[in-house]
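Please find one structure pasted underneath; my questions will follow.
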Amino acid sequence: MQDISLLSQANPRREDIEAPALRCATTMKFLPISLLILALATATAFAYDPSPLQDFCVAINDPKVFVNGKFCKDPKQVTAEDFLFKGFRYPGNTANPLGSKVTPAFVDQFPGINTLGISMARIDFAPGGLNPPHTHPRGTEILVVAEGTLLVGFVTSNQLNNTFFTKVLYKGDVFVFPIGLIHFQLNIGKTPALAFAALSSQNPGVITIANAVFGSKPPISPDVLTKAFQVDKKVVDYLQAQFWYDN
């Protein structure tokens, strides 16, 4: 009997070999799916805007209290109109120094998106019009060109040596600007252009670089700016004296 047992161990059955291999293959088969589910769960857990705790939270203003976000309208008083924004129906007025007009659909203009972590903007461009270098401190932007030709680009942080990424976009093209990075759009065509942007926050914020640096109130000390930009004080005085248009 002992000899038979030893022989059995020395020559294991085929099914004893195949079973662990099959289990391993099955595990490897579903590993990518498991990783995808984990990635999606992690992305949801670390979304910039907080996740809603109810179906919706249509924003209302309460001037007596300041909160991080907006108060919710009584759900029983919510109507379909709260989820409708009509501001994109008509072109923006591009008759300004920049030749562009941004029409935002952020939570202040579109209360129905409160707590949903999304917003949009319509951007109209005259020929040669510019949406100047700016950042969105609280949201990534994805842009689609509806009409015209745009030169777009963004600059990375100091950590990546301020690398400049740029492309020319045509009708139907989509480009993404990562959260917080300086970016711009310029109409390089001879006809008006139109683009729509979606952002990953109900209130992504906008910081126009030139306005913030040279048009702050009160103004930044010229001593700071002359050293930072390595220019003569007359240049700083000239720039600070300009009217910095906000489109």
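From the backbone N, Cα and C atoms, a Cβ is placed for every residue, glycine too.
Annotation source TrEMBL lists disulfide bond at CYS57-CYS72. Annotation source TrEMBL lists domain 'Cupin type-1' at 86-237. Residues or ranges marked as oxalate binding site by TrEMBL: ASN131, HIS136, GLU141. Residues or ranges marked as Mn(2+) binding site by TrEMBL: HIS134, HIS136, GLU141, HIS183.
Describe each of these features in terms of where it is and what it packs against.
Listed in sequence order, the residues of the same chain lying 6 or more apart from CYS57 (disulfide bond) and placing their CB within less than 8 Å of its CB are LYS70, CYS72, LYS73, ASN114, THR115.
Long-range neighbours of HIS136 (oxalate binding site) (same chain, six or more residues apart, CB within less than 8 Å of its CB): PHE177, ILE179, GLY180, LEU199, SER201, PRO204, GLY205, VAL206, ILE207.
Sequence-distant contacts of HIS183 (Mn(2+) binding site), defined as residues of its own chain at least six apart whose C-beta falls under 8 angstroms from its C-beta, comprise PRO133, HIS134, THR135, GLU141, VAL152, GLY153, PHE154, VAL155, PHE177.
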Would you list the other residues of this chain near Mn(2+) - those whose C-beta lies within 8 angstroms of the C-beta centroid of HIS134, HIS136, GLU141, HIS183 - in sequence order?
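Near the Mn(2+) site, beyond HIS134, HIS136, GLU141, HIS183, sit THR135, PHE154, PHE177, LEU181, ILE182, PRO204, VAL206.
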Given the oxalate site residues ASN131, HIS136, GLU141, which other residues of that chain have a Cβ within 8 Å of the mean position of their Cβ atoms, reported in sequence order?
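Not counting the recorded site residues, we get ALA121, HIS134, THR135, LEU143, PHE177, HIS183, ALA197, LEU199, PRO204, VAL206.
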Please identify, from the recorded positions CYS72, ASN131, HIS134, GLU141, the residue with the sparsest Cβ neighbourhood, meaning fewest other Cβ atoms within 10 angstroms.
CYS72
